[in-house]
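Chemist: Dumping the structure here so I can ask a few things about it.
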Amino acid sequence: MSISAAGVATGLGANVELKSNVGSSSSSVAGVRLFTSRKAQLRRCAAPATSASLYSDANYDLNNYKFAPIKESIVAREMTRRYMTDMITHADTDVVVVGAGSAGLSCAYELSKNPNVKVAIVEQSVSPGGGAWLGGQLFSAMIVRKPAHRFLDEIEVPYEEMENYVVIKHAALFTSTIMSKLLARPNVKLFNAVAAEDLIIRGDRVSGVVTNWALVAQNHNTQSCMDPNVMEAKVVVSSCGHDGPFGATGVKRLRSIGMIESVPGMKCLDMNAAEDAIVKHTREVVPGMIVTGMEVAEIDGSPRMGPTFGAMMISGQKAAHLALRALGLPNEVDGNYKPNVHPELVLASTDDMTASA
């Protein structure tokens, strides 16, 4: 039986196995021994109960409801063992996606279709999703311009169709749907409440990220020493959004160390120009680092797009295929991608993929 780093049995094709010996009290991941009290077992969820069976079953007597007993230490061990296992597994990973907004989530979702690609998502907020929980000015609806609605069809998000765009009744419907589908995949791990403080640079190549708890990253000036951790990666996808406390941090760091010349910042709003430009210029800005989403507008000085989200989804998809190309795998950019994709999806031009330093 193959068990993912999260301790969930996954069947064939899992990248990392938690190997357990029958009768043994220890396991190992990537050569590191881990404690486990018993052999893990896969149990499928029971079929959803109807309202009639819910109230007729004695186990669901809401006036006398009883939970199975548990020791508090078991809860602590289960959480800690799985999280530490995930950290060990992703200390050296294939792709790190920095930022779990709509572009970062779309990128990770597209990457996760290849079960042999390990994906770690680093998000400084406790709640992933970036600005995609609401539309503009804290309104509920999300606007997606065609033809990006085909991505919504793929992940099965319902919408109201207009002539040139579609409307999702609440932005949270998109974000919750893509997260639930993405995080169920065994080759993906989301590290939320974790900040990318810096980059790992070897020569002229980005080779990973420097990480820390987000609360620590925001409070270095209050303590004497709170050193970070690291994640090595073959590819880093920076989807840190537009300017802000954690905004555009990837390209800002590249500028500060002289790997790119400038980060002019996004221009004033122009929806029609902005979305096309963001998808077109999603690219590998330096070897090992791909920029996607609104961070593209920050590095290029292109217009901001405001409360329309199609470019975030397609820019994220394009970033994923650029990452696959960097890994030497089939991808849509090179036209050799075989899995189940929409034939109507035509990625924007990929000329000049690497910006000059």
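Every residue gets a Cβ built from N, Cα and C, even glycine.
The annotation transit peptide is assigned in Swiss-Prot to 1-51 on the grounds of sequence analysis. Among the features that Swiss-Prot reports, substrate binding site is placed at ALA103, GLU123, GLN124, GLY131, ALA196, ASP227, HIS242, MET294, ARG304, MET305, GLY306, with the record citing sequence analysis. The 2,3-didehydroalanine (Cys) annotation in Swiss-Prot covers CYS225.
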Chemist: For ARG304 (substrate binding site), which residues of its chain lie six or more apart in sequence with Cβ-Cβ distance below 8 Å?
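Modeler: In sequence order, HIS242, MET266, LYS267, CYS268, LEU269, ASP270, ALA274, MET294, ALA297 meet the Cβ cut-off.
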Chemist: Other Cβ atoms within 10 Å is the metric here; tell me which of the recorded positions ALA103, ALA196, CYS225 scores highest.
Modeler: ALA103
Chemist: Cα-Cα separation of GLN124 (substrate binding site) and CYS225 (2,3-didehydroalanine (Cys)), in Å?
Modeler: 20
Chemist: Write down the Cα-Cα distance for CYS225 (2,3-didehydroalanine (Cys)) and ALA196 (substrate binding site), rounded and given in Å.
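Modeler: One finds 17 Å between the Cα atoms of these residues.
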Chemist: Just to verify a number: CA distance, ALA103 (substrate binding site) to the residue listed as '2,3-didehydroalanine (Cys)', in angstrom, no decimals.
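Modeler: ALA103 (substrate binding site) to the residue listed as '2,3-didehydroalanine (Cys)', Cα-Cα distance: 33 Å.
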Chemist: Using DSSP and collapsing to three states, where does ALA103 (substrate binding site) fall: helix, strand or coil?
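Modeler: In the DSSP reduction, ALA103 (substrate binding site) maps to helix.
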Chemist: Here are some binding-site residues: GLN124, HIS242, GLY306. Which one has the most Cβ atoms within 10 Å of its Cβ?
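Modeler: Checking each of GLN124, HIS242, GLY306, the winner is GLN124.
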